Ligand code: ADP
């Protein structure tokens, strides 16, 4: 199995690159943000619970997020591997993921960090807002999400650095060039 974490701030291009990666490496893409949005759209119990949290740009509690993630992995027993996008976002989530994978005789093979400046992120999300209509792409919500990233999520990196698993890839430039950089990083850990 090939299990990858795609790591980077909001608007780093994780979704775009994941779509290309799952095709090339035949992996299952799990985006916790997409899953939460699906629950909200379908108005499930979980959706009702997290709706306001997402609208505010805050992180959903770890236990809720971890349960949902594990459930999603279990739905794909035949998978070649997974791309985790938007997860883990806290050290507690990273630890829980390791425990879960180890139990199943699996592990995270590599973590690709998409390196993007804060200025670039803000420009991109302003553009995305015009198309996506995502409520959390508004200026103040975006600032909150960036804040959550730099206050909580960034600490996930040293967790994986200690395991020697992080590869940084420049996330600015042509989508295909960035993709090639990511593939080179993945091929080195495969
Ligand atoms: P982006 O990376 O563009 O901010 P995502 O689609 O990854 O957006 O996530 C959207 C929202 O979903 C987050 O702002 C947060 O509220 C929630 N969320 C997604 N993944 C997690 C996670 N791993 N832990 C906690 N909350 C999460």
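The backbone N, Cα and C atoms fix where each Cβ goes, glycine too.
Just so you know, TrEMBL annotations are computer predictions that nobody has curated.
Summarising the annotation, TrEMBL assigns ATP binding site to 11, 12, 13, 14, 15, 16, 128, 173. The Cβ of residue 11 (ATP binding site) lies under 8 Å from the Cβ of 116, 120, 121, 122, 124, 125, 128, each of these being in the same chain and 6 or more residues away along the sequence. The DSSP secondary structure for residue 11 (ATP binding site) is coil.
Taken from TrEMBL, the feature region 'NMP' covers 31-60. Nonlocal intrachain contacts for the region 'NMP' (31-60), taken as residues 6+ away from its ends with a CB within less than 8 angstroms of a stretch CB, comprise 14-15, 18, 68-69, 72, 85-87, 89-90, 135-136, 140-145, 148, 152.
For residue 60 (AMP binding site), the same-chain residues that are 6 or more apart in sequence and have a Cβ closer than 8 Å to its Cβ are 32, 36, 50, 53, 54. For 32, 37, 58, 59, 60, 86, 87, 88, 89, 93, 134, 145, the entry in TrEMBL reads AMP binding site.
For the region 'NMP' (31-60), the model gives a mean pLDDT of 96. In this structure, the binding-site residues under consideration are 89, 134, and the one with the smallest number of other Cβ atoms within 10 Å of its Cβ is 134. Between the CA atoms of residue 14 (ATP binding site) and residue 89 (AMP binding site) there is a gap of 13 Å. If you compare every pair of Cα atoms in 32, 37, 58, 59, 60, 86, 87, 88, 89, 93, 134, 145, the residues listed for AMP, the longest distance is 25 angstrom.
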